[in-house]
Amino acid sequence: MGFQNEASSSSYTLKIPPPAREDSPLLGKGPPLSSQFKTFANVFIAVVGAGVLGLPYAFKRTGWLMGVLLLVSVSVLTHHCMMLLVYTRRKLDSFNAGISKIGSFGDLGFAVCGSLGRIVVDLFIILSQAGFCVGYLIFIGTTLANLSDPESPTSLRHQFTRLGSEFLGVSSKSLYIWGCFPFQLGLNSIKTLTHLAPLSIFADIVDLGAMAVVIVEDSMIILKQRPDVVAFGGMSLFLYGMGVAVYSFEGVGMVLPLESEMKDKDKFGKVLALGMGFISLIYIAFGILGYLAFGEDTMDIITANLGAGLVSTVVQLGLCINLFFTFPLMMNPVFEIVERRFSRGMYSAWLRWVLVLAVTLVALFVPNFADFLSLVGSSTCCVLGFVLPALFHLLVFKEEMGWLQWSSDTAIVVLGVVLAVSGTWSSLSEIFSVKV
């Protein structure tokens, strides 16, 4: 079923998507946002996540100046591609008397490319959301393994390390990840997000608190000591840094719901630009301060550099609890897609358990948090954030866009594909290389 564009010379056929559940776990079905400030705040909440904790380590690898340039470039490109999605939906809505039937990224894929478009979007949403959750488990396992004193024979880490090495043949980090598994089976068996919604507020508060503590600690350390730092780490690390930057700004799934809920839609682009600019400044400050404070000793999770004080321990435990409860929120769109395709949209506990097990197994084999951020950013986030928005925009506007617009969309598609392929290869090489 489709609507023909009769008011335009374009022969594009709009495919009306069937009713579908939202693909983004970040937004509920609450009342429409009525102010620009609320939209700004929601952009911040949707984009800023645990990936920020890996930025200082990424700056150590790439050099602080290259890191800044990559963050700014990715921020500008991400905003542009988000707006391409908005423009594409507005164009398709104009074919249907201005009534929007496109509520999510998957709906837009269906409207532009039919079932194939939805399948591609769904696939990369599954990979990206599951990738985020793998990162969460890596963070939890690594952080808990580092919190206790390994030299103390009575410490929890010592007992876990001895148990793992002598009896099970696995590390304490792996045991902590396995320890999360049965509890995640229970949390991910909850049918609706309604009961988990308050946890998203808690997660945002903990994230902001952790960032504030780290920035203060970094500033105090910088005043006492200034380790040697480098501006450029070499072009060989460009793809690595690009992957981490793309991961850090991933939030393309929220842009269409946010634009729909904003009262003054004409100002959405400006509000989104302000939000992305503000986030960029925070990311740059966080990354530079962390690197300046610890130099070559900067760890892949910056909170691990804070030492063993009470404040540091509370922050790290708070982040672990935050990510532990954020896990089911981020897996929810994966469950919706898989259940829609394999159980006719009906709730399926065993499908959810299989997916949680798969995510857990992947987390066990990834040694480094920041390296995995680069992998997810280079692979799925590049496709979702750059390739698909530009491709959909190109297909819908191809008969009325000028040469400059056509070249811009085509260049973004090509750039996204090149970054995805080369960045994925580079990240996998980093993960599986033997580091001495």
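A Cβ is built for glycine as well, from the same backbone N, Cα and C atoms used for every other residue.
Per Swiss-Prot, the topological domain holding LEU65 carries a different name from the one holding TRP406, which places them across the membrane from each other. The stretch with the most CB contacts under 8 Å to the transmembrane segment (66-86), chosen from 39-59, 167-187, 274-294, 353-373, 412-432, is 274-294. For the transmembrane segment (167-187), the neighbouring stretch richest in Cβ pairs under 8 Å, chosen from 39-59, 229-249, 353-373, 377-397, is 353-373. Below 8 A, the CB atoms of the transmembrane segment (119-139) and the transmembrane segment (353-373) form 3+ pairs separated by six or more positions in the chain. In terms of C-beta pairs under 8 Å, the stretch of 39-59, 229-249, 274-294 lying closest in packing to the transmembrane segment (353-373) is 39-59. Three or more CB pairs closer than 8 A are found between the transmembrane segment (274-294) and the transmembrane segment (229-249), so contact between the two stretches is assigned (pairs 6 or more residues apart). Counting Cβ pairs under 8 Å to the transmembrane segment (310-330), the top-ranked stretch among 39-59, 229-249, 412-432 is 39-59.
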